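Notes follow the structure.
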Amino acid sequence: MSRQGITSDPHAGFDRPGRRSRPRTKDRPTYDKAVPAIVVTVDRGRFRCLIEGQDQVVSTTKARNLGRKAVIVGDRVRLVGDTSGDEGSLARIVEVDERETVLRRTADDDDPFERPIVANADQLVIVTALADPPPRVGMIDRILVAAYDAGLDPVLVLTKADLGSPDELIAAYRPLGVPVVTTEPGSELSELRRLLAGHRSVLVGHSGVGKSTLVNALIPDIHREVGEVNEVTGRGRHTSTSAIALALPDPGGWVIDTPGVRSFGLSHVTPDSFIAAFSDLADIVEDCPRGCRHDSTEPECALDAAVADGRLSAERLESFRRMERAFG
Ligand SMILES: Nc1nc2c(ncn2[C@@H]2O[C@H](COP(=O)(O)OP(=O)(O)OP(=O)(O)O)[C@@H](O)[C@H]2O)c(=O)[nH]1
Ligand SMILES: [Zn+2]
């Protein structure tokens, strides 16, 4: 039996009914006996999949019928072939379920294409250190925009609270309704555990912010599990270009660690697609003149009128406009 890359309850999380429904692909093929599984890592054409309802991770490739269709971490898939997980065994992915959500990134600065990296997450956890490295509000804002655009609920985790004060960042992000958790060495993680419980949370953070420290604290036996993944891929977790899905201990949920995410392309985000994430603001801007970008240079933006007559707090509008500038 192998359980590489995975800890604790494989039933928790991905196959739990989410807020959204779980449609199957339309062109139902004839793979009646195909085994449902979840992709936990991707490495050079090999996909490690956790078989649903079993404590079993198997190595797979993409079947030819999928063509150029991408398979990414978090995808719900169907497998045929040798799903024993025995050494040297290789199953085939014959079907990929429709995705509830997709998080994309731009691979690097001279790559104009946005690539899907994580499927079916429902939460995006931005991990930022309060010092060493210092926080960058512009980067947090860009990641927040990407989260809202992808339909993921953001959470902000501020690490190294022993080295700096969280007050400024809390003041900047609480008005948006973003849950903010601070951590420091030895700190109690119950609030963070509560926010992660039952969710599929993508962790995003700059190198050195303390992401590994956090994952190790959340998943006590992770060192052993990561070691097993390394045997399979021949590479360390931090040199991998793939995300990895890790099951959380009781009461369950998943974290999807993303060592490679450096930037998010926001070119496809428009003020209107973005404002939809804030239902109170979306209601107000219905009164805006056509084509209003809702920024502070707009003379007749209804958001300013709403602040003037007390329907909207000035802090919330300021936080919203600062974030809007991140892609404007
Ligand atoms: N003072 C302080 N140091 C911390 C805290 N959390 C982590 N560190 C230290 O910060 C350094 C980086 O921590 P990691 O957990 O390796 O950070 P990471 O984000 O995983 O970084 P990479 O491994 O480069 O991706 C280590 O020396 C940790 O001991 C904290 O809350 N306070
Ligand atoms: Zn407006």
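Placed from the backbone N, Cα and C atoms, the Cβ positions cover glycine too.
The feature GTP binding site is assigned by TrEMBL to T159, K160, A161, D162, G205, H206, S207, G208, V209, G210, K211, S212, T213. Same-chain residues at least 6 positions away in sequence with a Cβ under 8 Å from that of A161 (GTP binding site) are, in sequence order, L130, T182, T183, E184, S187.
Proximity of H294 (Zn(2+) binding site) to non-local residues of its own chain (separation of 6 or more, Cβ distance below 8 Å) is seen for P271, I275, L281, V285, C288, C301, L303, R321, E324, given in sequence order. For C288, C292, H294, C301, the entry in TrEMBL reads Zn(2+) binding site.
What TrEMBL records for 12-31 is compositional bias 'Basic and acidic residues'.
For 110-264, the entry in TrEMBL reads domain 'CP-type G'.
Here TrEMBL flags 119-262 as domain 'EngC GTPase'.
The region 'Disordered' annotation in TrEMBL covers 1-32.
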Rounded Cα separation (Å) that holds between V209 (GTP binding site) and C292 (Zn(2+) binding site): 38
Local backbone state of G205 (GTP binding site), from DSSP in three classes: strand
Per-residue Cβ crowding (10 Å cut-off), top of binding-site residues T159, S207, C288, C292, C301: T159
Close-lying binding-site residues around ligand 1 among T159, V209, T213, C288, C292, where CB distance stays under 6 Å: T159, V209, T213
